[in-house]
C-alpha cells in the first residue's frame with residue numbers, strides 16, 4: 001500500500017496559522033553510555049550497536065564470538081540527545097506534539113531537562129504533548145534503560161506466581177525474561193539467532209504542530225456486498241481536533257479508474273474523532289480483484305482522499321487500493337471427524353505455499369529497501385504465495401507489506417508473542433492494548449494480510465506443559481491467556497477490522513479451540529486447524545513420518561549456510577565442523593549431530609583428509625539433506641490436498657520453517673543471510689511449482705500424483721523414465737495417454753509395482769537405477785522434472801565422480817552456463833562464491849550429457865569474474 005501524506009500549507013488569517021507543520025528530527029543525534037565514558041554521534045533511525053560499529057568502536061557484531069564479547073552494550077544504559085532550533089514562534093500553535101513512530105524500548109523522554117513521558121513498548125507509536133514546553137532552541141533526551149536489566153526487574157517484581165520461561169537454553173547464549181518486555185522477542189536470543197537486545201530510536205521521530213486538527217491515521221477496507229454483488233469501500237480517518245469550535249468541510253474521494261469522484265460533508269468536534277466514509281462502486285464498473293501470486297494479477301487503483309476544512313486547512317492522502325475478499329473455511333468433511341481449515345480468496349480455495357518470515361537482521365536500521373525487495377522477490381521466484389510473519393520478531397516496516405501487496409504474497413500476521421506465557425498486570429496490558437490498536441490501524445489496509453494470529457505456540461506451550469508449570473497454577477495461567485489474547489487482543493482486532501479472520505494461536509484447533517474455551521487439550525489435533533511439526537530423528541525420506549494435517553504452518557530441517565557466507569564472519573581456525581565456532585553458532589541443542597545423523601541415513605559422510613575440504617563437503621551435504629527432507633515433506637502435503645485417509649488429510653497449506661536468516665549460522669532457512677539461495681530454495685522453486693508430478697512408494701508400489709494449482713483445466717501426458725547411475729543413456733521410459741488435469745486438484749496419475757517397473761528396464765535394480773518423471777503436452781514441458789530414488793544414495797551402484805564443466809557466455813544482463821557432464825550426477829551444485837545473484841536452477845539431478853542454466857546477477861558482474869569464482873559440486877565429489 002503506497003501511502004503519502006501531503007501537508008498543504010494555507011495562508012494564515014488574522015495572524016492565526018492554519019497549516020500543519022511537520023519537522024523531522026531524523027538524522028544526526030549524539031549518544032552516551034551510563035557513566036559518560038563513551039560519547040559519539042548516532043544516526044536516527046538506528047540503534048546503539050550500529051552507532052558503535054559506524055564509529056569503529058566495535059567490529060562487526062556478527063563476527064565470530066562478538067555476540068558474547070559485546071554483551072556489555074545491552075547491559076548499559078544509553079542516552080540519545082539532540083539539540084535543535086525552531087525557526088518560527090511555536091507559541092502560535094494550539095498543539096505541538098513530539099512523535100516517535102518507534103522507540104526501542106524502555107526510556108524516559110525529556111525536553112529541555114523536563115520529563116515528558118516514558119516508553120516501554122517497541123511496537124507502538126508515542127506522541128507527547130510539548131505545547132507549553134517547546135522553545136526556539138531545544139534539547140531532547142531519550143534516556144534508555146538496559147532492556148536486559150528492565151526485564152529482570154519486572155520479573156522479580158512479579159512475585160505472585162512464576163511466568164515461564166525464565167531463560168533460554170544455555171546453548172542459545174541468550175538473556176532472560178524476554179516475556180516481561182514488549183520488544184522483539186528473539187532479540188534476547190533464539191535457536192536460530194543471536195542475542196542482541198538493542199536500544200535506540202528505531203523509527204521516525206518528528207514534531208507536529210497544528211491549530212485546528214491533525215490526521216493521525218488513514219485506513220481503508222474494501223467490502224464486497226454478496227447480496228448486491230457490488231464492491232464498497234470503507235475509509236476511516238482518525239483526527240486529533242484541538243479547535244474548540246466545530247470544524248466543517250468536505251472529504252473528496254477520487255478513484256479515476258473506477259469513475260469515482262465523491263464529495264462528503266464532514267464535521268469534526270473537539271477531541272479524538274474518526275471520520276468514516278463509504279464509497280459505493282457502481283455495479284456497471286468492472287473491478288479487477290487482487291489475487292495471490294500464481295492465481296491472477298495484483299491490480300490496484302490509485303485513490304486520493306482530500307479533506308478541505310474550515311480556515312483553508314487541507315489534507316491530501318494518496319494510496320493504492322486493492323479489492324479482495326478472504327474467508328477462513330472451517331466446515332465438516334465427509335468421512336472425517338473434524339473440520340476443514342483453508343482460505344478462500346475472492347471465493348476461490350487457495351493452497352498456501354510458502355514459508356515463515358523472521359527479522360532480516362538483529363539491527364533493523366540495516367534492513368534496506370533493496371534487501372526487502374531481494375528477499376521478497378525470491379519468495380515469488382520460488383513459486384510461493386504466502387509468508388507467515390512469525391510472532392517472535394517485529395511487525396514489519398510499511399515497505400514490507402507494500403511489496404507483498406505488489407507481489408501477491410499472502411501474509412499470515414502473528415501478533416508479537418512467542419513461546420512463552422505472559423504477565424497480565426495493568427501496565428503491561430495497557431501497553432499491549434496501545435500496541436494492538438496501533439498495529440491494526442497501521443496494517444489493515446493491506447490486501448496481503450489475510451489473517452491475524454494472536455501468538456506463536458503459546459497455546460501449545462501452556463496446554464502441553466512445555467515449562468513444567470505446577471498444576472495448581474494452571475487455572476491462573478489459563479485465565480491470563482484468555483485475558484491477554486481473547487478479552488484484549490481479539491476484542492481490539494475485531495472492533496478495528498472485520499474484513500479478515502482472527503486466529504487465537506498457531507498451532508491451534510481453530511473453531512474447536514474456540515468451542516473448548518479458547519484452549520484445547522491437544523492443539524496439535526490433525527483433524528482441526530493448523531499444526532507445527534518437527535522430527536529430526538526419523539527418516540525424512542519416509543513420507544509416513546509426516547502428519548496428514550489440515551494445514552501445516554511450520555515444519556523443517558536445519559542446514560548450514562554456504563562457505564562464502566560463513567567466511568565473512570569467521571577465521572581459518574573456525575573452518576571445521578567440530579570447531580568452537582561451529583558449536584557456538586549452533587543454537588539448537590544437538591543440532592549439528594542431528595544433521596549428521598540425518599545425512600548418514602542416506603549418504604556417506606565426508607572423509608577427506610583435508611580439513612577445509614571436509615568442512616565444505618559437510619556444509620554441502622547438510623544442504624542436500626535439508627532440501628531432500630523438506631521436498632519429501634512438502635510433496636506429501638501437496639498431494640494430500642484432495643485426500644482423506646482414515647479421517648486425515650485435505651491439507652491446504654504448507655509453510656516451511658524458515659525463509660530467511662538473521663545472521664550467518666546453521667538454521668532452518670532456505671535463504672542465507674544476505675539473500676543467497678540455499679539448495680532448499682531451488683528445490684522450493686520446483687516443489688511449489690503450479691503443476692507438479694509427485695512420486696512416492698507405498699508397499700513396493702510407485703505412485704505418481706499430479707498436483708495442480710492452475711486456475712483452469714489442462715490436457716497433458718505423464719512421462720516416466722528410468723536411468724542407470726552408471727550411464728547417461730536412458731534405459732527405458734513410459735508415456736501415458738493424454739488426460740485432463742483439473743484445476744486445484746491432486747490425483748493419482750500412475751501406479752506400478754517397483755519390481756514390475758524394473759523388470760521392464762534391462763539391468764536395473766533398486767541400487768543401480770533412478771526414476772524421473774514430468775508432465776508435458778505436444779512436446780512442451782509443463783512441470784519440473786521430478787525424480788524418485790529407489791534406494792539410499794549411499795547404496796547406489798555405478799555412481800561415479802562426474803567431470804562437469806561450464807562454458808559461460810553473456811546475454812544482456814543474464815549469463816548462460818552451458819554444462820557438460822561425463823556421468824550421471826545427483827545434486828549438482830553451481831556456486832559463484834560471493835557474487836550476488838541466483839541461477840535458474842540448481843541442486844538438480846543431471847542425467848543427460850548437457851544442460852543449460854542461467855545466472856541472474858543482483859549486482860553488476862562480468863564473465864571473467866564468474867569464471868574465476870565458479871565451482872561445481874555433485875554428490876560423488878564428497879566421497
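All positions are counted from 1 along the displayed chain.
In case you wondered, yes, glycine gets a Cβ from its N, Cα and C as well.
Not measured: the values here are computed from a predicted model.
Per Swiss-Prot, the feature signal peptide maps to 1-17.
Long-range Cβ neighbours of residue 35 (N-linked glycosylation site) (same chain, at least 6 residues apart, Cβ-Cβ under 8 Å): none. What Swiss-Prot lists as N-linked glycosylation site is 35 (among others).
Annotation comment: Swiss-Prot describes 77 (among others) as N-linked glycosylation site. Packing around residue 77 (N-linked glycosylation site) is summarised by its Cβ count: 17 other Cβ atoms lie within 10 angstroms of its Cβ, all protein chains included.
What Swiss-Prot records for 167-176 (among others) is disulfide bond, and it gives similarity to another entry as the kind of evidence. According to its DSSP assignment, residue 176 (disulfide bond) is coil. Around the Cβ of residue 176 (disulfide bond), 16 further Cβ atoms fall within 10 Å across all displayed protein chains.
For 190, 191, 192, 456, the entry in Swiss-Prot reads substrate binding site, with the evidence type similarity to another entry. Long-range Cβ contacts of residue 190 (substrate binding site) within its own chain (separation 6+, distance under 8 Å): 168, 172, 174, 392, 587.
The Cβ of residue 297 (N-linked glycosylation site) has 10 neighbouring Cβ atoms from other residues within 10 Å, across all protein chains displayed. The N-linked glycosylation site annotation in Swiss-Prot covers 297 (among others) and rests on sequence analysis.
The Cβ of residue 457 (active site, proton donor) lies under 8 Å from the Cβ of 418, 419, 505, 506, 507, 532, each of these being in the same chain and 6 or more residues away along the sequence. Classification of residue 457 (active site, proton donor) by DSSP places it in coil, neither helical nor stranded. Positions annotated as active site, proton donor by Swiss-Prot, on the basis of similarity to another entry: 457.
In the three-state DSSP reading, residue 629 (disulfide bond) counts as helix. For 540-629 (among others), the entry in Swiss-Prot reads disulfide bond, with the evidence type similarity to another entry.
Note: residue 554 (active site, nucleophile) has non-local neighbours 356, 388, 506, 507, 532, 533, 534, 655, 656, 657, i.e. same-chain residues 6+ apart with C-beta under 8 A of its own C-beta. Secondary structure at residue 554 (active site, nucleophile), as computed by DSSP, is strand. Summarising the annotation, Swiss-Prot assigns active site, nucleophile to 554.
Under the heading disulfide bond, Swiss-Prot lists 732-761 (among others), citing similarity to another entry as support. Under the DSSP three-state reduction, residue 732 (disulfide bond) is assigned to strand.
Under the DSSP three-state reduction, residue 764 (disulfide bond) is assigned to coil, being neither helix nor strand. Here Swiss-Prot flags 764-769 (among others) as disulfide bond.
Under DSSP, residue 803 (N-linked glycosylation site) is assigned to coil, being neither helix nor strand in the three-state scheme. Look at Swiss-Prot and you will find 803 (among others) tagged as N-linked glycosylation site.
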Rounded Cα-Cα span from residue 297 (N-linked glycosylation site) to residue 192 (substrate binding site), Å: 35
Listed disulfide-bonded residues (167, 540, 629, 732, 764), ranked by Cβ neighbours within 10 Å, top entry: 629
Between residue 176 (disulfide bond) and residue 769 (disulfide bond), the C-alpha gap once rounded to whole angstrom: 53
Rounded Cα separation (Å) that holds between residue 629 (disulfide bond) and residue 769 (disulfide bond): 20
C-alpha spacing of residue 167 (disulfide bond) relative to residue 77 (N-linked glycosylation site), in angstrom: 21
Nearest of the recorded positions (167, 191, 297, 764) to residue 540 (disulfide bond) - Cα to Cα: 191
Cβ-centroid neighbourhood (8 Å) of the substrate site, 190, 191, 192, 456 excluded: 186, 193, 358, 392, 418, 419
C-beta crowding around residue 761 (disulfide bond), within 10 angstroms: 20
